[in-house]
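Quick notes on the structure that follows.
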Amino acid sequence: MGDNHQATLSNDPAANAPDAAAADKGKGKAADEPSLEMSMDEEEDSDESEAEEMVNDDDDDHDNLEPISEENIISGGRRTRGKTIDFQEAAEKLKAEDEMDDEDDDDEEFQPNDEDMRD
């Protein structure tokens, strides 16, 4: 049989399938993942998102958003390009505001009790 170098045709449908050779190569059919793994991933994602939401809630408390000064609002729709700014005056104004804020600080009045700091 094998001496005459003729091809032997097989009637096996699995061997002659058009994608039989391609299944072992690079682009085969994608394997279905078990549904248990998907549910575990979904649970992990929900836990992570809950943790992120808790962290984001804390960030809202620490925002130092000061109210907008009405002096900075330009009426009439004018543009601010080309406006000359007196930085000296602005620095003095900020310095005066900072001095007023320093009067309210309680840190200067704090005196630690040395007895509490012992090992």
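A Cβ is built for glycine as well, from the same backbone N, Cα and C atoms used for every other residue.
Residues or ranges marked as compositional bias 'Polar residues' in Swiss-Prot: 1-10.
The compositional bias 'Low complexity' annotation in Swiss-Prot covers 11-21.
Taken from Swiss-Prot, the feature compositional bias 'Basic and acidic residues' applies to 22-32 (among others).
Positions annotated as compositional bias 'Acidic residues' by Swiss-Prot: 39-63 (among others).
Annotation comment: Swiss-Prot describes 83-97 (among others) as compositional bias 'Basic and acidic residues'. Taking Cβ pairs closer than 8 Å, the compositional bias 'Basic and acidic residues' (83-97) reaches no residue in its own chain that is 6 or more past its ends.
According to Swiss-Prot, the feature compositional bias 'Acidic residues' maps to 98-119 (among others).
Per Swiss-Prot, the feature region 'Disordered' maps to 1-119.
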For the compositional bias 'Basic and acidic residues' (83-97), the number of residues DSSP places in helix, strand and coil: 11 helix, 0 strand, 4 coil
